[in-house]
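Down below is the structure, laid out as structure tokens.
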Amino acid sequence: MTSQRSPLAPLLLLSLHGVAASLEVSESPGSIQVARGQPAVLPCTFTTSAALINLNVIWMVTPLSNANQPEQVILYQGGQMFDGAPRFHGRVGFTGTMPATNVSIFINNTQLSDTGTYQCLVNNLPDIGGRNIGVTGLTVLVPPSAPHCQIQGSQDIGSDVILLCSSEEGIPRPTYLWEKLDNTLKLPPTATQDQVQGTVTIRNISALSSGLYQCVASNAIGTSTCLLDLQVISPQPRNIGLIAGAIGTGAVIIIFCIALILGAFFYWRSKNKEEEEEEIPNEIREDDLPPKCSSAKAFHTEISSSDNNTLTSSNAYNSRYWSNNPKVHRNTESVSHFSDLGQSFSFHSGNANIPSIYANGTHLVPGQHKTLVVTANRGSSPQVMSRSNGSVSRKPRPPHTHSYTISHATLERIGAVPVMVPAQSRAGSLV
């Protein structure tokens, strides 16, 4: 058998060749990094089986700072180039002469805002098959700006301080390294460093902590430094005058407050005492009327004692001071007495023939030879009222007494004067 070639075979081969020769954009490197201010080349190549008469190329960018707003970078269409967004004017162009299968572009004087994702869209009619988009990422690197160094905290000896270092710009984000500019280039033993945050914490600073410190900010494309002078302050003598003044002022204030409190207390106490005194009853009781006859006088001997003596008097209406009864002269019971020392006195008539005088119920004897009987009691026993021969007396209990008599002549010689005294009620009030 002989094989026969089909007449359709060449047409099939041409058809397969056309499919294989359709437009295809080459793989991109993925990402390109460039320092700010340096030119960047974004590659994009393709293959096609058709002529480049109808070539159409569009470059688009999706900014990193605003992913929702894609922008046109450059356009080639119908044999002409057109500018894209205003910020790319004068900085963007194709690397080769157009039309060509290499549609790469360049960006001069790259800026931080140029960072983003770039897309290359290629169309060349009649080729319509295959992948016609290429994607390239652009990252504009920024070296660290000059860092700013500062000290946070008190620089007094024994305190804790924090050294801060930061750069406003830097892509990628810079790291920070602190060092002390001395022979060892090492930080103090009490220091802890955070290279990401750019801080150094030095605890319990001392004189050895003083010195010049340097912060180095660095990233992939550059470094930058700043210097910081740390001077630990030694203790200063305090102002004794200010301290003494403050203490004195505080003491005066405290004393004033204490005096104010004491004054208020004593005022309150005296006020309460006055109110209590006002509540105590002070009644004067009248036991009986005074004698109606002015000529009739009752004589009363008043003796004061310096040691807790109490004066009492006999009743002018119920007692007989003077009597012509001889028994009266021998009666030693007292007419009046003093309670504490126990001394009591009685007046008696020395002449029984002298007539007695009664005035308003009172028996008076104005004769001569009058005597005074004194009864002394050394005890402190309570006293009771007693009545004997018309005379009223208080005698102590128990009755351990010593009596003696004072003659009328002796009374006249010492200047004794008969007086009238008010009587006492049972409650002790004078009337």
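Every residue gets a Cβ built from N, Cα and C, even glycine.
Per Swiss-Prot, compositional bias 'Polar residues' is recorded for 379-392.
DSSP classifies CYS44 (disulfide bond) as coil under the three-state reduction. If you look up Swiss-Prot, you'll see CYS44-CYS120 (among others) marked as disulfide bond.
Taken residue by residue with DSSP, CYS165 (disulfide bond) is part of a strand. Residues or ranges marked as disulfide bond by Swiss-Prot on the basis of sequence analysis: CYS165-CYS215 (among others).
Secondary structure by DSSP for the domain 'Ig-like C2-type' (144-234): 3 helix, 46 strand, 42 coil. For 144-234, the entry in Swiss-Prot reads domain 'Ig-like C2-type'.
The N-linked glycosylation site annotation in Swiss-Prot covers ASN102. Neighbour count (other Cβ atoms within 10 Å of the Cβ, all protein chains): 14 for ASN102 (N-linked glycosylation site).
The omega-N-methylarginine annotation in Swiss-Prot covers ARG378.
Among the features that Swiss-Prot reports, signal peptide is placed at 1-22, with the record citing sequence analysis.
What Swiss-Prot records for 23-241 is topological domain 'Extracellular', and it gives sequence analysis as the kind of evidence.
Look at Swiss-Prot and you will find 242-262 tagged as transmembrane segment.
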If you measure CYS44 (disulfide bond) to CYS215 (disulfide bond) at Cα, how many Å is it?
43
The rounded CA-CA distance in Å from CYS215 (disulfide bond) to CYS120 (disulfide bond) is 43
Can you give me the same-chain residues 6 or more apart in sequence from CYS120 (disulfide bond) with a CB-CB distance under 8 Å?
VAL25, SER28, LEU42, CYS44, VAL57, ILE58, TRP59, VAL103, ILE133, GLY134, VAL135, THR136
Could you tell me the C-alpha distance between CYS165 (disulfide bond) and ASN102 (N-linked glycosylation site) in angstrom, no decimals?
47
